[in-house]
Amino acid sequence: MDRIIDTAATSEDEAIEVSIRPKRLADYLGQQPVREQMDIYIQATKARAEALDHVLIFGPPGLGKTTLSHVIAYELGVKLRVTSGPVIEKAGDLAALLTNLQPYDVLFIDEIHRLSPVVEEVLYPAMEDFQIDIMIGEGPAARSIKIDLPPFTLIGATTRTGLLTAPLRDRFGIVQRLEFYSPEDLARIVRRSAGILNIDCTTEGAAEIAQRARGTPRIANRLLRRVRDYAEVKAGGQITIEVAQAAMQMLKVDQGGFDELDRRLLHTIVEYFDGGPVGIESLAASLSEERGTLEDVVEPYLIQQGFLVRTARGRMATDKAYQHLALQPRERVSAFTDPEDLF
């Protein structure tokens, strides 16, 4: 399912992100607490001529975890090696990566929660002692040898910290959580991207795009490109607030950043199930969507923004959802009667 507001990166997103990715912390907009902390850690590390402590970065998709890893490596003045958890299938794959690192290099592992247990076992001594144990030979003749590694920094990124094993999580000396961006910070990001991509975008136009980007830079930059297309065909190329609003209407993205599927879900709960609670299977059947799509793609943002709640008896629309749909909240029996309401 292709959604303009999907947080998953498309091939176009990845290509554009490379060209607009900031290099320095000073250009990494938003996430002020993270920037301030990393600036201190990096300066102190460089002064001691050591490898930076291993870093775990977590948060929802599209907030800049990969970008931050590139910035950290640039500020340290070292090379960045990029890979992902699913790619490292065997212990030998990880060993090959680690033994090719230069002193103080940064190894970035995206989706680190998807590392296999066998690979994790190799990673533990590498992170703690800068050594790896490799098995040579097979059967009775097999033996373990230790290989010394240069000091390095591992940066792990994940959207699901709950899936990390405790031993792996405990080996990260620095843990940073990326939060959703404010509309103001997103507007600054849109203006910066517009400047790099030579897009004529007014301050008000950038703010309008940012308002509908669901707190996510990846979505903001994608919307910017689609609004640019609209502006070039319909409005002489300049993105004003009026042009941005017209483009968003064409894209069916409302002021809350909701698309048609978001609104259909809320409308269905409100109109057909009296605001809920309604089971996920019934909801999926009513919308002709798969359960997994609703649970993993649609619901998280609605829940995070307070438009939807999950209870033991099913999904319920909140008063905020009624207000967004310009409807009057109805009297409902509370669904919060089970001690496991939140699951």
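Positions of Cβ are set from backbone N, Cα and C atoms, glycine also.
Positions annotated as region 'Large ATPase domain (RuvB-L)' by Swiss-Prot, on the basis of sequence analysis: 1-181.
The ATP binding site annotation in Swiss-Prot covers ILE20, ARG21, GLY62, LYS65, THR66, THR67, GLU128, ASP129, PHE130, ARG171, TYR181, ARG218 and is backed by sequence analysis. Around PHE130 (ATP binding site), the same-chain residues six or more apart in sequence whose CB sits under 8 Å from its CB are ASP148, LEU149, PRO150, PRO151, PHE152, listed in sequence order.
The annotation Mg(2+) binding site is assigned in Swiss-Prot to THR66 on the grounds of sequence analysis. Secondary structure from DSSP puts THR66 (ATP binding site) in a helix.
Summarising the annotation, Swiss-Prot assigns region 'Small ATPAse domain (RuvB-S)' to 182-252. Along the region 'Small ATPAse domain (RuvB-S)' (182-252), the predicted structure has mean pLDDT 94.
Secondary structure of the region 'Head domain (RuvB-H)' (255-343) per DSSP, as helix, strand and coil residue counts: 41 helix, 9 strand, 39 coil. According to Swiss-Prot, the feature region 'Head domain (RuvB-H)' maps to 255-343, an assignment based on sequence analysis.
Summarising the annotation, Swiss-Prot assigns DNA binding site to ARG291, ARG310, ARG315 and lists sequence analysis as the type of evidence. Within 10 Å of the Cβ of ARG315 (DNA binding site) there are 26 other Cβ atoms, across all protein chains.
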Completion exercise
In all the protein chains shown, the tally of other Cβ atoms within 10 Å of the Cβ of THR66 (ATP binding site) is 21
Fill in the blank from the handout: Among ILE20, ARG21, GLY62, LYS65, THR66, THR67, GLU128, ASP129, PHE130, ARG171, TYR181, ARG218, the record's ATP-binding residues, the widest C-alpha separation in angstrom comes to 37
Exercise for the section: Calculate the distance in Å between the alpha carbons (Cα) of THR66 (ATP binding site) and ARG315 (DNA binding site), and round it to a whole number. Expected result: 33
Practice task
Within 10 Å of the Cβ of ARG291 (DNA binding site), how many other Cβ atoms can you find? Include all protein chains, please.
Solution key: 13
Practice task
Measure between the Cα atoms of every pair in ARG291, ARG310, ARG315, the residues the record assigns to DNA, and report the largest value in Å, rounded to a whole number.
Solution key: 14
